[in-house]
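Colleague: Before I ask anything, let me first share the structure, which is written out below as structure tokens.
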Amino acid sequence: MFVIKRNGYKENVMFDKITSRIRKLCYGLNTDHIDPIKIAMKVIQGIYNGVTTVELDTLAAEIAATCTTQHPDYAILAARIAVSNLHKETKKLFSEVMEDLFNYVNPKNGKHSPIISSITMDIVNKYKDKLNSVIIYERDFSYNYFGFKTLEKSYLLKINNKIVERPQHMLMRVAVGIHQWDIDSAIETYNLLSEKWFTHASPTLFNAGTSRHQMSSCFLLNMIDDSIEGIYDTLKRCALISKMAGGIGLSISNIRASGSYISGTNGISNGIIPMLRVYNNTARYIDQGGNKRPGVMAIYLEPWHSDIMAFLDLKKNTGNEEHRTRDLFIALWIPDLFMKRVKDDGEWSLMCPDECPGLDNVWGDEFERLYTLYERERRYKSIIKARVVWKAIIESQIETGTPFILYKDACNKKSNQQNLGTIKCSNLCTEIIQYADANEVAVCNLASVALNMFVIDGRFDFLKLKDVVKVIVRNLNKIIDINYYPIPEAEISNKRHRPIGIGVQGLADAFILLNYPFDSLEAQDLNKKIFETIYYGALEASCELAEKEGPYDTYVGSYASNGILQYDLWNVVPSDLWNWEPLKDKIRTYGLRNSLLVAPMPTASTAQILGNNESVEPYTSNIYTRRVLSGEFQVVNPHLLRVLTERKLWNDEIKNRIMADGGSIQNTNLPEDIKRVYKTIWEIPQKTIIKMAADRGAFIDQSQSMNIHIADPSYSKLTSMHFYGWSLGLKTGMYYLRTKPASAPIQFTLDKDKIKPLVVCDSEICTSCSG
């Protein structure tokens, strides 16, 4: 039996050669648990005559990946095999790869179709010796298999459907794409990215340095006008943004309700639902960058709109398909008055924005005055109990996980953009709170800090965190200036207000590395100090940029220009970790370069790449299946697996017990100290999660994507959670509602014979959303 080598030659299959290749990649791994011979034997079983060495490597990597539940080092081995395979298939020198990407010719029409921009190519040509010399390819081998496969599927650039970039090439392309001729800053960014201190957002990783360098993640739009022209002009904006991989949040509260008179045609409006069907079909039609990200929009509506009940049914599984928009996400922009009416079991008036104009343009006391004026004037379409609407909201959330909940008054009251006008919606993932109007489309560029990296020698390094955050601020400011904007209204907005969004990933990993239970007082204190540090570092860097380049255009009149920072708006006194008064004085003198700075986002894909838990979330499970575009992988909490193997507690019985319990270790006989640290989200009181969100909220000047997890949700449980979050002053009350099914699915690779029959399993292996 023979294999076909990369050079096309045939060679007889040799078991020892396969074993030797795998063994070479086992350096630094736990040899007590990693068995190259076992992997090689399974590879041999999959061989056929004429198999290629590329296929052999792919098979070996997949086999190693399936052994991850035995030891986390198998995930590293799997990645090393896959990375080594890629290295053998790609050129080494960064400059040569960039040259190939620039010189690409479309084989179908013979036209020169450069994948990277001419300026990127010019920079690389000028500094190629320096750039080539600083790249450290060994860092490619630090990715786990799951992270590498995510990169391979969607992030590494291809020519004729063949990957030509290595991960280090991608990171250097991103660094050069951001900093351009500032090579020293590009190298600094490259090193921080490749050492995994932080990551830029997916659109930046996709597009930096390319011919279409659209690096922004989030776009927020208001409906231009309640007219055919306004509706379709807005739709065109959405299409152009979605085409370039932007996620969209759209406010439609100014669109007239069904049954309303249309003076221009002497007709009657069909309301928002038929319009949203058109938007839904646009989202389905547009494919972002070759299946990298599907076209996605979140639609925001205020609950006084008289189409609210039909809106809440849009994503339900049953009912008339003509009244469903399954490809849109729905979100509510809730004024405090509605929450008060629900709390008091009061009545709620449903109105049409054409007959009751201006409600979407005001908030707080001004909204309450206008709304109650329209009530007194009987301009409403109908009156129902506020709790009838509330019940419909809860029922929709239990069935579909949506609508998202954001509190209009908190979002406006605590925004440093309050001086611009009323903010009418958030974005697709509920963490961006920015002003938009008919002439401006709000934009945000994102990056996230890998918090696990800052746990050094058993302590959290706040100074290093501040330094990395300052680099991120400088990077995101450069992106604002050089970005390719899909529509001019986005460029106008972004360059006037210069908002950025710094988030985090690996908060749960940092707690675990410090041996803090997620709901412990130590974790709650660290949670506050981390975000205090991020906010402080971001403000300091933004002020330093303002000293050099001037404040952003609309700085005057903002809270910050009057010496008021985010924590002041929450009536919170910061800790003594940082010296805030001198920073406030400096801001008064020089201003800020950015209107907004901090916005913890979901980080779904980038956390997968870096091997961290998502955003600020606890682990949803200790063993589960991950599903992404590249396939399905079984993942074990590597921290738990490492501690159990070190303490000689890991065995098949424990593995199967945990899998039978849906990833929980609470029903095992493991030591209590381990059980406390490795609680899943389902075992942590949701009020603790909400309280921690409010604690860090004082240092988050945008908002945060916060999911609510309730295994068995009910009207009373959800109502309690929502009102608790509202009472604490949260801006985002809920991103998704995550629940568990009534009965468990068949467990993945479960050996039932090795489970003691004392517990009946009724849990699922939970997967987090890819927001």
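Including glycine, each Cβ sits where the backbone N, Cα and C put it.
Pulled the feature table from Swiss-Prot, pasting it below:
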- 1-92: domain 'ATP-cone' (DOMAIN)
- LYS5, ARG6, GLU11, ASN12, VAL13, MET14, PHE15, ASP16, LYS17, THR53, ASP57, LYS88: ATP binding site (BINDING)
- SER202, SER217, ASN427, GLU431, THR603, ALA604, SER605, THR606: GDP binding site (BINDING)
- ASP226, SER227, ILE228, LYS243, ARG256: dTTP binding site (BINDING)
- ASN427: active site, proton acceptor (ACT_SITE)
- CYS429: active site, cysteine radical intermediate (ACT_SITE)
- GLU431: active site, proton acceptor (ACT_SITE)
Colleague: For ILE228, ALA604, listed as binding-site residues, tell me which one has the smallest number of other Cβ atoms within 10 Å.
Modeller: ILE228
Colleague: Listed dTTP-binding residues ASP226, SER227, ILE228, LYS243, ARG256 - what's their greatest C-alpha to C-alpha distance in Å?
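Modeller: Result: 28 Å between the two most distant Cα atoms.
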Colleague: Determine, to the nearest whole angstrom, how far the Cα atom of GLU11 (ATP binding site) is from the Cα atom of SER605 (GDP binding site).
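Modeller: Counting only the Cα atoms, the answer is 40 Å.
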Colleague: According to DSSP, which of helix, strand or coil covers GLU11 (ATP binding site)?
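Modeller: Reduced to three states, the DSSP call for GLU11 (ATP binding site) is strand.
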Colleague: If you count, for each of the binding-site residues ASP57, ASP226, GLU431, the other Cβ atoms lying within 10 Å of its Cβ, which residue has the minimum?
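Modeller: Per-residue Cβ counts within 10 Å for the binding-site residues ASP57, ASP226, GLU431 bottom out at ASP226.
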Colleague: Have a look at the binding-site residues SER202, SER217, ILE228 and say which one has the shortest Cα distance to LYS17 (ATP binding site).
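Modeller: Among SER202, SER217, ILE228, SER202.
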Colleague: Cα distance, SER227 (dTTP binding site) to SER605 (GDP binding site), nearest Å?
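Modeller: About 38 Å separate the Cα atoms of these two residues.
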Colleague: Tell me, by DSSP, whether SER202 (GDP binding site) is helix, strand or coil?
Modeller: helix
Colleague: DSSP three-state call for ASP226 (dTTP binding site): helix, strand or coil?
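Modeller: Assignment for ASP226 (dTTP binding site) reads coil.
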Colleague: Out of SER227, ASN427, which of the binding-site residues has the smallest number of neighbouring Cβ atoms within 10 Å?
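Modeller: Counting other Cβ atoms within 10 Å of each of the binding-site residues SER227, ASN427 gives the minimum at SER227.
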Colleague: Looking at the recorded positions SER202, SER217, ASP226, CYS429, GLU431, which has the shortest Cα distance to LYS5 (ATP binding site)?
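Modeller: For LYS5 (ATP binding site), the spatially nearest of the recorded positions is SER202.
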Colleague: Can you give me the average pLDDT across the domain 'ATP-cone' (1-92), rounded to a whole number?
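Modeller: Computed over the domain 'ATP-cone' (1-92), the mean pLDDT is 85 on the 0 to 100 scale.
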Colleague: Can you figure out which of ASP57, SER227, LYS243 (the binding-site residues) comes closest in space to SER217 (GDP binding site), comparing Cα atoms?
Modeller: LYS243
Colleague: Please report the Cα separation of ASP226 (dTTP binding site) and ASP57 (ATP binding site) in Å, rounded to an integer.
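Modeller: Spelling it out, the Cα of ASP226 (dTTP binding site) and the Cα of ASP57 (ATP binding site) are 58 Å apart.
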Colleague: Out of LYS5, LYS17, ARG256, which has the highest number of nearby Cβ atoms, where nearby means within 10 Å of its Cβ, if these are the binding-site residues?
Modeller: ARG256
Colleague: Measure from the Cα of GLU431 (GDP binding site) to the Cα of every one of the binding-site residues PHE15, SER227, ARG256, then give the nearest.
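Modeller: Ranked by Cα distance from GLU431 (GDP binding site), first place goes to ARG256.
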